[in-house]
């Protein structure tokens, strides 16, 4: 593998390479590097420090150095960064798979806390980065920046990277932390993108009460309509699958329609200038609750692994490209004359990120604990520290927004813009490498696991299947199984009455879901029997599941 890789790198640096050959060489190199990242990630699977995101970043950096040396320090670019590629092709499968695979019970149990951290926290972080950079950068010689530039910085650095945090925490080992960090990441990304788009639309150089009210109204409109659109597309896919039984004749049609409907939800949201992140996320939740149960067993297995594979490849591609693009000489030549300025700006931004995150994580977690009656449900201080640390990482979302604002088609000729781009890349690399390397040992030190890893691995498949088969909202814990798949005693009626109200929100949702939603859109246990329909596989699977429980 080494000789073809070196040959490809050399061809990329040869000036005589034709225009037609350049895309082929670039794509070939990226495919080779993706394969290399997967192999190295497998070999480092049990590493205490390395994660796949850090591995891809380091491989991208090393590749960029080789290209720089081969081109005599003229260029390290293989592909010109285009934020449209990131938002249209790479981000949708990642966010959809997160919603499709998320443990819904945990997510909705912590929904209010997630909204506090993701929405309210984003505004707090946005304000701190905006005001801090406004007052501190004016004292430095970084070039001309307008008020909207400082506001854009607030939106850019308030976005925690969902891609990074999903690889740091494990859903089975730390279910509460995973649901909080993951849920916050999705809502945070959506909030940051909405803030960024609002800054582009509104003239915020002279803020007054009218503009503030329009800004808040626009945010609430985008949030609600994006969520409803995702739910609507998910329900439409479930209804089509339930009525047509495509799997009777072709499993390929079922799989293709599910993938296309998932992607359609994101593109329709972007078409109407809504938040595609929120739309595709809630579409994934609805499709896992209804649509997934309306297809054949083969289609379930196929779609589950297809969505996970697309998400995995997109994540690796993003980190690989960020690592390679970090060494682009065009941006660094503007700050080479005064490297201290770039270091100072990067340090200030990193400090504001640290302060901004601490300013809302601990107070909002404290407020959330006031609403939690049981001590076991409260977010402990060590868990709060882990949430604060895991959300420090900034990644491809910040890079894409920075390129969108401070460059023109990936290029910039203004010194101030070049400083902002290089500082963003510096913060992204530092937070991913340092925080990414230290998060695993930090989580194990703060929250040691008492169960052996072998037990977790052996129950991973069963836990994943049960999470997809689990109702959207359930009233309490499962009476037979805990999160690791071990059998636990059934609760008494008196204990359940004391711990959970008889007429809870979960109860009314289950009544509504069973009476109105599932009879129309299908779901677990509500697919009518027909020869060759998904019901045959459901019955067969439920029998096997009962046999496994008895054994």
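Cβ atoms here come from the backbone N, Cα and C positions, even for glycine.
Annotation comment: TrEMBL describes 34-445 as domain 'Cation/H+ exchanger transmembrane'.
If you look up TrEMBL, you'll see 24-44 (among others) marked as transmembrane segment.
Taken from TrEMBL, the feature transmembrane segment applies to 56-73 (among others).
Through the fold, the transmembrane segment (85-102) approaches residues 162-163, 166, 171, 179, 182, 186, 189, 262-263, 266-267, 270, 276-277, 280-285, 287-288, 292, 304, 307-308, 310-311, 314-315, 317-318, 396-397, 400, 464, 467-468 of its own chain, all at least 6 residues removed from its boundaries and within a Cβ separation under 8 Å. Marked as transmembrane segment by TrEMBL: 85-102 (among others).
Per TrEMBL, the feature transmembrane segment maps to 114-137 (among others). Only residues 6 or more beyond the boundaries of the transmembrane segment (114-137), in the same chain, are considered here, and those with a CB under 8 A from a CB of the stretch are 107, 145, 147, 150-151, 153-155, 157-159, 179-180, 183-188, 190-192, 195, 223, 345, 348-349, 352-353, 355-357, 359-361, 364-365, 367-368, 387.
If you look up TrEMBL, you'll see 176-199 (among others) marked as transmembrane segment. Sequence-distant contacts of the transmembrane segment (176-199), counting only residues of its own chain at least 6 positions beyond either end whose CB sits under 8 Å from a CB of the stretch, comprise 95, 98-99, 102-103, 106-107, 109-111, 113-115, 117-119, 121-123, 126, 148, 151-152, 154-156, 158-162, 165-166, 168-170, 215, 218-219, 222-223, 226, 273, 275, 277-278, 281, 379, 383, 386-387, 390-391, 397, 401, 404-405, 443, 447.
The transmembrane segment feature in TrEMBL is assigned to 219-241 (among others).
Residues annotated as transmembrane segment in TrEMBL: 275-293 (among others). Note on the transmembrane segment (275-293): residues 87, 91-92, 95-102, 104, 107, 186-187, 189-190, 193-194, 222-223, 226-227, 229-231, 233-235, 237-238, 241, 258, 261-263, 265-269, 300, 303-304, 468-469, 471-472, 517-518, 521-524, 526-527, 534, 538 of its chain, located 6 or more positions outside it, place their CB under 8 angstroms from a CB of the stretch.
The feature transmembrane segment is assigned by TrEMBL to 305-323 (among others). Outside the transmembrane segment (305-323) by six or more residues, the chain places 30, 33-34, 37-38, 41, 52-53, 56-61, 63-64, 79, 81, 86, 89-91, 93-94, 96-98, 100-101, 163, 166-167, 255, 259, 262, 395-396, 399, 425, 428-429, 432 with a CB less than 8 A from a CB of the stretch.
Residues or ranges marked as transmembrane segment in TrEMBL: 343-366 (among others).
Feature annotation from TrEMBL assigns transmembrane segment to 387-406 (among others).
If you look up TrEMBL, you'll see 418-439 (among others) marked as transmembrane segment.
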Determine which residues of the chain contact the transmembrane segment (56-73) at the Cβ level, with the cut-off under 8 Å and only residues 6 or more beyond its ends counted.
9-10, 12-13, 29, 33, 36-37, 40-41, 316, 319-327, 329, 429, 432-433
Using a Cβ cut-off under 8 Å, which residues of the same chain at least 6 positions beyond either end of the transmembrane segment (343-366) come close to it?
113, 116-117, 120-121, 124-125, 128-129, 132-133, 136-137, 140, 142, 153, 157-158, 379, 384, 387-388, 391-392, 394, 419-420, 422-424, 426-427, 430-431
